[in-house]
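In TrEMBL this protein carries:
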- 265-276: compositional bias 'Basic and acidic residues' (COMPBIAS)
- 290-312: compositional bias 'Basic and acidic residues' (COMPBIAS)
- 261-338: region 'Disordered' (REGION)
- 12-34: transmembrane segment (TRANSMEM)
- 70-94: transmembrane segment (TRANSMEM)
- 106-125: transmembrane segment (TRANSMEM)
- 131-152: transmembrane segment (TRANSMEM)
- 182-201: transmembrane segment (TRANSMEM)
- 388-409: transmembrane segment (TRANSMEM)
- 416-435: transmembrane segment (TRANSMEM)
Amino acid sequence: MESSILESIGQEIIGVMSPVSLCMLLVVLLVYSLSDSNPFSSSSAPIRTAANLVYLENPSDSTAQKLEGALLNALVFVILIAIVTFVLVLLYYYNFTNFLKNYMRFSAFFVLGTMGGSIFLSIIQHFSIPIDSITCFLLLFNYTIVGVLSMFSGGMPIVLRQGYMVSLGIIVATWFTKLPEWTTWVLLVALALYDLVAVLAPGGPLKLLVELASSRDEELPALVYEARPTVSRNEGNPRSTLGLLVAGVSDSGSVELQAVSNNNVRRDGAENRRSPEYTAIQVRNSENVEGERNRDEGERSPLVGHSRERYSSDSNSSEYSTVIHNRESETSVDEEMSPLVDLLGMDNEREHERRDSVVASRGIKLGLGDFVFYSVLVGRAAMYDLMTVYACYLAIISGLGCTLILLSVCHRALPALPISITLGVIFYFLTRLLMEPFVVGMATNLMMF
């Protein structure tokens with residue numbers, strides 16, 4: 001029987017929400033800590049990036065100009081992402097796998113080394129940490145090399161890989177939070193819509209990428225966070241849980257299969273060796289009872305009666321069992337192995353192995369972009385007030401939980417940005433425009449403490 005959805009959804013939700021929450025928390029702390037010493041602060045001149053190629057927002061611009069410029073920036077940025085994603089899909093389709101792996105290694109090295117190094121230097125300057133340049137360079141170099149190896153090499157602990165994936169998301173999100181305000185909000189909404197189309201629409205780039213990886217039975221050529229469930233090796237393994245499989249022809253004419261553990265077999269064998277006289281008497285009594293039952297019901301079932309008559313020349317019992325041994329057990333075979341039982345046993349083993357492989361690969365995979373833009377939303381909210389941070393965090397976690405529940409029901413790849421980003425944006429503006437003035441007014445007039 002297949003396990004219920006609610007039996008494992010709690011563990012899977014916790015396994016994904018914990019790193020997401022940690023990423024958002026650290027981004028908020030970095031935004032508060034580096035707001036004065038960051039090179040992208042509002043006091044410095046605006047720097048043109050891929051997210052604001054068309055329009056550089058100025059505080060003196062009107063609201064219409066800011067909105068129009070933010071829409072143009074978001075449109076250009078989404079088009080660039082779509083073009084790059086289609087190029088990656090084409091490269092993966094024509095088996096340029098090594099090029100994609102080297103590209104991802106270089107991207108991770110660049111982000112950890114340059115962008116992470118800039119944040120590291122900002123932290124050193126802000127907190128006045130006494131450290132020399134050589135030690136700083138060695139620490140940054142080791143951090144970068146170990147991160148690239150842990151994310152793209154085999155044999156590394158999964159915890160180390162998950163930690164570097166979270167740190168990668170923190171670094172990118174911290175830099176994205178320094179975009180202009182209008183560009184940030186419009187860009188988040190545009191990316192949520194793009195994610196919805198790219199994953200669910202026919203011919204979407206992410207949908208094509210997932211289908212190609214599934215058809216080839218390969219990992220996605222992307223930076224994804226894997227929340228693998230903890231599965232015991234003995235769980236669902238017939239070779240460890242199924243000691244013996246006993247089969248026999250019952251009186252109703254059906255084939256009965258019964259699983260017997262190794263402990264029961266060893267215990268029964270020991271009892272038989274200790275009391276052979278009692279065993280012989282028990283066998284004789286059972287033979288007499290079964291013999292009378294066979295004579296009474298032989299006319300009722302010709303097929304079963306024929307099978308019993310055929311085997312009666314070799315033994316006096318009315319029921320014959322076939323024992324299929326585990327590799328680890330060393331008991332003897334009582335009778336000739338039935339082809340039907342052998343076939344059923346092989347099918348059962350294949351079914352268990354198939355379920356094991358499905359369970360082993362059932363871990364939820366969350367893209368690095370989801371970590372980044374969740375944290376960007378919370379980091380932008382942290383620039384206004386902590387009340388908006390709490391509201392946006394609860395909205396994002398609620399949307400992620402809804403997405404994971406839909407994932408367990410639909411059993412297909414789903415976009416993780418639309419629900420969470422939509423709820424986060426709505427909660428941010430509701431809190432900023434309605435809840436925050438109400439709470440501040442109540443507290444100022446000493447009506448609420």
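Along the chain as shown, the residues are counted starting at 1.
Here the Cβ of each residue, glycine as well, is placed from N, Cα and C on the backbone.
For the transmembrane segment (12-34), the partner stretch with the most Cβ pairs below 8 Å, chosen from 70-94, 106-125, 388-409, is 388-409. For the transmembrane segment (131-152), the most Cβ-contacting stretch among 106-125, 182-201, 416-435 is 106-125 (pairs under 8 Å). If you look at the transmembrane segment (70-94), the same-chain residues 6 or more away from its ends with a CB under 8 A from one of its CBs are 50-55, 57, 100, 180, 182-183, 185-187, 189-191, 194, 198, 205-206, 208-209, 212-213, 221.
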